[in-house]
Amino acid sequence: MVVENRLEKEKPAVGMETTVFVHGLPRKEAIELFRKAKKISEEMGFQLAVVGVLKGKIILGMNEDELTIMMNEGSEKIGTREIPIALAKGMNAATTVSATIFLCKRFGIDVVVTGGTGGVHPGGVDISQDLTEMASSRIILVSSGIKSILDVDATFEMLETLEIPVVGFMTDEFPLFFSRKSGKKVKRVENVEEILRIYRTMEELKLEKTLMVLNPVPEEHEVPREEIEHLLENIELKVEGKDVTPYLLRKLVEITGGRTLKANLSLLEENVKLAGKIALALGR
């Protein structure tokens, strides 16, 4: 196994998946987001550890050129299950939330950031590896909830069944990616210090679960849940498996005239800031 860890040991770091850049956004916006996230990390004083696999090598702290190579040459979207296969076969692979959590935990990064996590898809057969990884890795994950295309009720119940702690940052509503409200209630935290107390308590208990910190999309960029659900009802699904989420997200961008893309970029930027604050506080 070849690993290139570019992180400074004593400096706080935030892990970030490569799938959001390579499969989740149009190329232009993906590169702009990467540059913004890097700038935020430099200004705040933490390290942005974009995690991916390039030609079978794990890289912690990917740069813009490497992301561009992955976009140009193509890269498979991988969860935890596929990591050993991608490494052994020398593949280019973009990590999802599950693979990112696994690799960050393996190499000492305590905070991971994403836009929206996976969950249970309608029908109940397709269940994301994100959930099972969160159920077995103690780490802090900052997100804007689960992706709006999922079965919300089933995913919410699965989070409880898998004993995954969930808190809302300055909200008691479980957000749904583009939408601030789901009708599902969560425990509210007011500040980063509360998040740290919960995480430290998890460490004391040796509770090997991910602390899911939910940061709703900024209000000015929200696309309400009802609108998203109505739009999804009219999209004909022409793919299956791992291609479902990127396909539906692209379709929503088209149908909404880019509103969901603006929401996605906005929430990702805010999540990077919150994750950075948490990482810096953890490092003190």
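Numbering starts at 1 and runs along the chain as displayed.
Backbone N, Cα and C define each Cβ position, glycine as well.
Because the structure is a prediction, the values reported are computed rather than measured.
Binding of substrate is attributed by Swiss-Prot to Lys77, Ser128, Gln129, Asp130, and within the candidate set Val97, Val111, Val152 the record adds Val97 to that site. Cβ contacts within 10 Å of Val97 (substrate binding site), excluding its own Cβ and spanning all protein chains shown: 29. All protein chains considered, the CB of Lys77 (substrate binding site) has 21 other CB atoms within 10 Å. For the binding-site residues listed here (Ser128, Gln129), the lowest count of other CB atoms within 10 A around the CB belongs to Gln129.
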